[in-house]
Amino acid sequence: MKGVSSTPGDYVYFKSQVPLHKIPIGTKQWRYYDFGPKTVPPLICIPGIAGTADVYYKQIMALSMKGYRVISVDIPRVWNYHEWIQAFEKFLDTIDVHHVHLYGTSLGGFLAQLFAHHRPRRVKSLVLSNTYLDTRTFATAMPWAPFVSWTPSFLLKRYVLTGIRDGPHEPFIADSVDFAVSQVETLSKDDLASRLTLTVDAASVGSLLLSDSSVTIMDTNDYCAIPQHLKDDLTERYPEARRAYLKSGGDFPFLSRPDEVNLHLQLHLRRVGVEPRPEVVKSIPKGGADGTDGSSQSKKKSDEEKDDRNNNMPQDSGSSSSDQSPTFPESSGSSNDPPLPTDTIQLLSSSLNNLILVQLAGEVYQSCVVFTLCYCTLVLVHGGGFISRQLV
């Protein structure tokens, strides 16, 4: 595994456009992204052990622009599955979401199935990727599980990262691994310990009331950390589920094969009756996510920009050398941005003219002051010499 690379440019743009929410619910701290029209039933993404809410940023950006609402969550610090079910239900109640479509990978897929089993009326469909049905295999492979809460953080991170295949990767898979590693580095010791505890906690998925037609299984055919026999057991459990196999993608296909994953997610959502609202997205100002009418927001934004420019207009200028020229917001280069209103352009032109006049007046005033000082100095010098000669 190579070292962590620089932050991807599209991730930097994502962070600048999509706000990260952090809310305490009871004793749990929830960290999540929520983007897209609020009138559309959400797709909630649940990561695995080595993931955070950020690993689904490619799905959030692509699907929300097509009119879907996407919520990506961090797994909170829970230590057993009953605690997870209660915490997740309280989270949904807090954000006022009653029916959900769940997309889970690895541990996240297992948690999604458990929630669908215990709260069947709230889950309308499942997308399961590289996941499993029970934890016995992982409990056997981790005999030191009772001591995980006392294990140092660097050992927990090393254990998690050893589950990711090392060796030469295709470039897009190597980039996905690097990004996942960078997210693991952000997790605290307690976060890692709780996730590993969930992995070995004795639990299995019972029968679901959800029809197999509402389940999509999306697996990679190259390799992943989940043993193949566990993936086969999952396929046998849902014989009528839709299959979506990716030729390659590794452990993180949502990062390495985002176009294919996004396409399968769209097909799944349409298959279960989720209708996107692209017409709402087109009216949302850049960076908006509330799915409300954008015309009034654009007008309000223009008015606010005019007020800000009026408030920030320089009132006085004493020296041209110390004045700074006014700065204007840079264009994002997007053809979808609303044009600058005519009255705003006139305001800027008038303001610039006023600023130039003030600067010229300041320069003239400065020149007059300098001339006066020089003249007074000469008078004093010559006058002082004349007086001294008269005294002598």
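Backbone N, Cα and C define each Cβ position, glycine as well.
Noted in TrEMBL for the protein shown:
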type: COMPBIAS; residues: 300-310; note: compositional bias 'Basic and acidic residues'
type: COMPBIAS; residues: 314-332; note: compositional bias 'Low complexity'
type: DOMAIN; residues: 41-161; note: domain 'AB hydrolase-1'
type: REGION; residues: 277-345; note: region 'Disordered'
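Mapped onto DSSP helix, strand and coil, the domain 'AB hydrolase-1' (41-161) counts 60 helix, 22 strand, 39 coil. The average per-residue pLDDT of the prediction over the domain 'AB hydrolase-1' (41-161) is 96, rounded to a whole number.
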